[in-house]
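**Student:** Dumping what Swiss-Prot says about this protein:
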type	residues	note
BINDING	Cys60, Cys62, Cys75, Cys78	Zn(2+) 1 binding site
BINDING	Asp449, Asp451, Asp453	Mg(2+) binding site
BINDING	Cys778, Cys852, Cys859, Cys862	Zn(2+) 2 binding site
REGION	1381-1404	region 'Disordered'
COMPBIAS	1384-1404	compositional bias 'Acidic residues'
Amino acid sequence: MRSHNDFESITIRLASPERIKEWSYGEVKKPETINYRTLKPEKDGLFCEKIFGTTKDWECYCGKFKSIRYKGVICDKCGVEVTHSKVRRERMGHIELAAPVSHIWYYRSVPSRMGLLLDMTVNQLKSVLYFEKYVIIDPADSGRSRGELIDEEEYHGYLDEYGDKFVAGIGADAIKELLARIDVDAEARMIRQKIQDKDKISDKRILKRLEVLEAFRDSGNRPEWMVLDIVPVIPPELRPMVQLEGGRFATSDLNDLYRRVINRNNRLKRLLALKAPEIIVRNEKRMLQEAVDALFDNSRRKRAVKGKGNRPLKSISDMLKGKQGRFRQNLLGKRVDYSGRSVIVVGPELKYHEMGLPKKMALELFKPFIMKRLVDLDLAPNIKSAKKKVEAEDKEVFDVLEYVVKEHPVMLNRAPTLHRLGIQAFLPVLVEGKAIKLHPLVCHAFNADFDGDQMAIHVPLTPKAQLETWMLMLSPHNILNPANGHPICGPTQDIVLGIYYLTSELPSEPGAPLKSFSNLDEVHYAIDRGVVEFRTKISVYHQGKILETTPGRLIFNTILPEGYAYVNRPLSDKETNRIIADVYDKYGPAKTVLMLDDIKKLGYRYATLFVPTISIEDIRVSPGKVGLVGDANKEVEKADSEYRKGIITNEERRKKVIEIWTKTNDLITESMFKELEKDKGGFNPVFIMAASGARGSKQQIRQLAGMRGLMAKPSGEIIELAIRSNFREGLSVLEFFISTHGARKGLADTALKTADAGYLTRRLVDISQDVIISEDDCGTEESISLGIVKEGENVIVSLNDRVFGRYTAEDVIDPVTDKVVYPRNTLITREVGQKVENLGYDKIRVRSPLTCESKQGVCIRCYGMDMARLIPAEIGEAVGTIAAQSIGQPGTQLTMRTFHIGGAASAKVQEKEHKVSYTGIVNNINGRLITNEKSQSVFSRRGSIVIQRLIQQYKTEELSNLRVENGQKVDKGELVATSPSGENITSAMPGAVHIENGIFRILGEEAVIPVKTGTVVNVKVNDITQPNQPLAEFDPYNEVGISEIDGTVQWMDLEIGKNVRRDEDLRTSNILLKVIEQRREKLNPRIAVISGGSREEYSVPVDAIISVQDGDKVKAGDILFKIPTVAEKTRDITGGLPRVDELFEARRPKDATTLAETDGKIEISGEIVKEKRVLYIHPDNPDQEKVKVTIPIGKQIRVRNGDFVKRGDQIDDGNLDPHDILRVKGVTALQVYLVQEVQEVYRLQGVHINDKHIEVVVRQMLRKVLITDSGDTSFVNQQQIDRLMFNEENKRVIAEGGSPAESVPILLGLTKASLNTESFFSAASFQETTKVLTDAAIKGKTDNLMGLKENVIIGHMIPAGTGTKKYKDISVFKSAYGDLDRPLEEEEEEEIPQSIADDSDGDE
């Protein structure tokens, strides 16, 4: 017999009336439920036993047949079949309607499917369905057309005129008739023809209509099935009625809704039988329509049907929707048996793979195993008495418990489970008490602490489940973080402190002789005798050489694996983690886990031994603080007076003040740390806690002993009154009051943002859940380029880190010898990466999930290494879910950050000048420079300074025997020449040789420094610059507009009172002229400078502050207007999480920048159309037409008349719109942009996420293409299609000799993409349940159950990991005999050969 679970796919369609009758076991005729006296179901009612089956097992309604003997007999008296009462969960009934009614899903949803088929609007449909207007079905010769609406009078007029030939109807009857008359095929053909005749169809409705028509054509559904003649009644057990104490009944809302339908239907039947007047019948029909609407979807209606207490009743649709609906509550999240939960306490004596299980819990969790064992050992005659024994907690029960629990892994879970490390398996160790004991090093993965956290415990029951738990989920298999491959098991807090103390070194007297020892035992002896301290410097003979070290470090090195290089430095948490990662890399997980337990022991032991304690005396305030605060006060006073004199604006003053305090705070922090470091010989406990990474940060100690600094308002704005005190000195009342902002913001943020991050994770999981590793190699030729990530000059991510765990997409060639070092498809390990770096590469091409061409999921080569185990991913790995967790989990963590700093603001100090940290040579200065009155060179437009690193420089006559030639690349340490004295000259860094005018230079790479308008340049081309020499100076607070010629100012379209506001500052009586938005008139604000025959015009954007009056004389280089840059807000993930959200949802930014669509020359026309300026780009190629660009008047334009732009350049200010990047620059540019921007946010928070996780999500966002020309394919224009389906269909059409479809890639945000998945189950359980199901039913969609979610919903094993199709057919046998899957009874029936019976000692 096939099990009902053995199916590959599920199809959803509209049900025909015949189909509904087939399902039904009888008609429900009465609205009654149960008899109030006998409490038995009423016959023909909603709970009727004749229709839905018996309520008592093997017993009919009247009691004539009572026992399993009569199985299948139908009682002649009451008509009830003798069977299981379970059938009441599956047998359906039906209600025969006296008049057809329309299904609310199909006429009320947007877009209305019925409306599209009939070409009517929802309101027109409603007026017909609710009996307000007639619709013409057959117009005869009236000159009207089918589907038109007419009112009562017209109807009667036409009837009198044309008699029976004219047919019009009202109500669902008429709609049904119209639907039945639609010839879906012909209509679809007609529309396709129409589309082909026209070039561009502007009416989207036509395309939508075509889609619906073709859906009906292809799915075999009939349009008239959207109107119901029969309503199915769902089984009574699914809408139960239960008796409460006190004799009242609680019933499901569905019963009330069904009752209304039946009542109205029966009343309508009677009215029709009595031939009642039309108006009464119509009213009843309308009420029936409303009753059925309410039954199917009560929340869709304007006035929902209310039950007791004015609560809207829950209809069938509401049962499916939302977090409490069927999908999310019962199908995707079920409660699990064999589980318990309790508070956790720390278990420092446990091994890494163990957890302490309270005996009380173990007794309950392992009950069935204990009972079986008791019976097996003949300690109990049968299961029943064994159960009694367990409940009585007899002595032998506890002896058995030890045996049962041994080597039976259990799973621990801490909510919220943000990533897969939130559930791990351990071996239980029985403990007294009621609390679960947890190993301290796994806390980080669970994000657990011992302040009252609770954890849940689950017991895997079957041998297969235990095996899987053992092999995959045991904690030693999970010591790396899947997000980045770093250890997640590193020590924290006390352990770190203990290790740091143990490995640190006391400052010794200079020149004092060191004590010497010959081996470790001697050192131990000396410590025990008190001759040396753990941290004294000693010299010792170790592994064949003499070491200068400390006894503590010797002790620490004993726990490292044999052969590991001696660690001779103080170990902070970062250092310890580095060692763990290194040991994992070199020795594998087994050795690492052993070492972890030793580290834990050492850490706790020495933290106890050194007893670091904190007292208020340890918080040392730096004596230099008073002076620094005094200086700051003076500077603030100076800024104030400048403002009062009118030299600077209020906004500039504010920014200056904030900068002064930020800088002062940094200086105080520095001097405070120096103070702390000197205190107690470098062992000040507060300092050590921060230095070792055990607790606290620079930020927190700064607030304790420095100054609290600037605080942020809830809006993120910075309050310019700095808090000058610290917590050691205590805050003044005002300071305390300002502080309250931050404290409250922290708490509010935590609450709100956690929900946001959780929702982000949910959307990420939803979009990427069906990305599973499906094959070894998809064979694609595509790849992406990955390189070093820099911020200014600093390398933030090295090449090795960036490409680690990928496969190379091209051969890696040694640039010197031209030999292939690593062929294509080499896995990049740490060594390979290091070697590639040493070859001088700064970027290479690698395989990526973005370019993978697998039909389902991605392939191993494109994905690369599984970051949690550092080996290539395996087929069946659910990499999509891992990616979603890796991105979502830090989001949730980071939102909690504000909480700890207490709202102290962090603003960056604004740079005023451009400089580089090395010696350089100025290669080029791009841009237009003018000399101003002070004879400084000023950039009058945006430009750039190109500077190249100068590594070495010699005069050629100082060198003899040159080994290199001009332009040649050299590596670090490569011999380039010898000096006349015969010394070898080698290159200090990789670079290129440059010989010119008798000077030999080795130059590094070029750096291009972009500069803004108004920047003053201090260098010339070919200047040699010193490290940190200011190359150029600029105004950090304003963008400026600069005159390029001497002349007279003329205001154009600038009028005070219209688009210029005259602000007078009351405090200083300075006057500011500010440009504001002007809607009514078409003004194009500009400032012109006129000099003789020439004139230059400058567009003035909104918010600009005008610095010159009409008629003023100006010199070249003078400032015409300033645009204040936006005040810095604090940058924390609060800014970050919405940013990530915005990127993944692919939202268009508010003021998106305009990108140049082509290369060419700018022409600013001066035209204004609809409050937008018009620009033209003239392409280089004269055959191409000029491209028109429109820009809102208020925005600042980045280009000037006659400038050249490249395709994709920004023309005005604003944020980049990802959709524009896709359109203008293409898919690759967009992928790079999205990955970079998301990484930027996380990097700012110090969170490491491997690029590949973000790439997996971006791949899913770019799955669809938009059809622009359907060719001979079955697609419709403007339809969104999966890229793979698009390619398949095109292949098919080309093979048949047709013309393929054309498309453009589109970017879908998370929510849109999730709702557009191929699987309707997955989409329905995500959001907009009814809409998804409506759509799927009409299209007759088939869900092939490819993703994880669909399979969880229908109760299959997920097609990932051990459930992958590839592994389905593998069967496991126990000692080559008997199948593990087979039920036990079968096994007992077979004669087991003696030899096997002997060695199978209960290993099941």
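From the backbone N, Cα and C atoms, a Cβ is placed for every residue, glycine too.
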**Student:** By CA-CA distance, flag whichever of Asp453, Cys778, Cys859 among the binding-site residues is nearest to Cys60 (Zn(2+) 1 binding site).
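**Tutor:** Comparing Cα positions, the closest of these binding-site residues turns out to be Asp453.
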**Student:** As a test of the contact definition, list every same-chain residue at least 6 positions from Asp451 (Mg(2+) binding site) whose Cβ is closer than 8 Å to its Cβ.
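**Tutor:** Expected: none.
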**Student:** Between Cys78, Cys778, Cys859, which of the binding-site residues has its C-beta surrounded by the fewest other C-beta atoms within 10 Å?
**Tutor:** Cys78
**Student:** Tell me the Cα distance separating Asp449 (Mg(2+) binding site) from Cys778 (Zn(2+) 2 binding site), rounded to the nearest angstrom.
**Tutor:** 44
**Student:** Using a 10 Å cut-off, grab the number of neighbouring Cβ atoms around the Cβ of Cys60 (Zn(2+) 1 binding site), all chains included.
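**Tutor:** Around the Cβ of Cys60 (Zn(2+) 1 binding site), 24 other Cβ atoms lie within 10 Å.
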**Student:** Reduced to three states, what secondary structure does DSSP give Cys862 (Zn(2+) 2 binding site)?
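**Tutor:** For Cys862 (Zn(2+) 2 binding site) - judged by DSSP and reduced to three states - the answer is helix.
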**Student:** In the structure shown, with every protein chain counted, which of the binding-site residues Asp449, Asp453 has the densest set of Cβ atoms within 10 angstroms of its Cβ?
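**Tutor:** Neighbour-count leader: Asp453.
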**Student:** Rounded to the nearest Å, what's the C-alpha distance separating Cys75 (Zn(2+) 1 binding site) and Asp453 (Mg(2+) binding site)? Just drop the number here, would you?
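**Tutor:** Cα-Cα, rounded: 59 Å.
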**Student:** Using a 10 Å cut-off on CB atoms, tell me which of the binding-site residues Cys62, Cys75, Cys852, Cys862 is the least crowded.
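**Tutor:** With the binding-site residues Cys62, Cys75, Cys852, Cys862, fewest surrounding Cβ atoms within 10 Å: Cys62.
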**Student:** Helix, strand or coil for Cys78 (Zn(2+) 1 binding site)? Use DSSP.
**Tutor:** coil
**Student:** Could you give the Cα-Cα distance between Cys78 (Zn(2+) 1 binding site) and Cys859 (Zn(2+) 2 binding site), in whole Å?
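**Tutor:** That comes out at 63 Å between the alpha carbons.
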**Student:** If you compare CA-to-CA distances from Cys862 (Zn(2+) 2 binding site) to each of the binding-site residues Cys62, Asp449, Asp453, which comes out shortest?
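**Tutor:** Smallest Cα separation from Cys862 (Zn(2+) 2 binding site) among Cys62, Asp449, Asp453: Asp449.
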**Student:** Of the binding-site residues listed here (Cys62, Cys852, Cys859), which is spatially closest to Asp453 (Mg(2+) binding site) when Cα positions are compared?
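**Tutor:** Comparing Cα positions, the candidate nearest Asp453 (Mg(2+) binding site) turns out to be Cys859.
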**Student:** Starting from the Cβ centroid of Cys60, Cys62, Cys75, Cys78, which together make up the recorded Zn(2+) 1 site, report each further residue of the same chain whose Cβ lies within 8 Å of that point, ordered by sequence.
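**Tutor:** Neighbours found: Tyr61, Gly63, Lys64, Phe65, Asp76, Lys77, Gly79, Val80.
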**Student:** Return the member of Cys62, Cys852, Cys859 nearest to Asp449 (Mg(2+) binding site) in space, with distance defined Cα to Cα and candidates limited to these binding-site residues.
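**Tutor:** For Asp449 (Mg(2+) binding site), the spatially nearest of the binding-site residues is Cys859.
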**Student:** How far is it from Cys852 (Zn(2+) 2 binding site) to Cys62 (Zn(2+) 1 binding site), counting Cα to Cα, in Å?
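**Tutor:** Given the Cα positions, Cys852 (Zn(2+) 2 binding site) is 67 Å from Cys62 (Zn(2+) 1 binding site).
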**Student:** What's the CA-CA gap between Cys859 (Zn(2+) 2 binding site) and Cys62 (Zn(2+) 1 binding site) in angstrom, rounded?
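**Tutor:** Taking the Cα atoms only, Cys859 (Zn(2+) 2 binding site) lies 64 Å from Cys62 (Zn(2+) 1 binding site).
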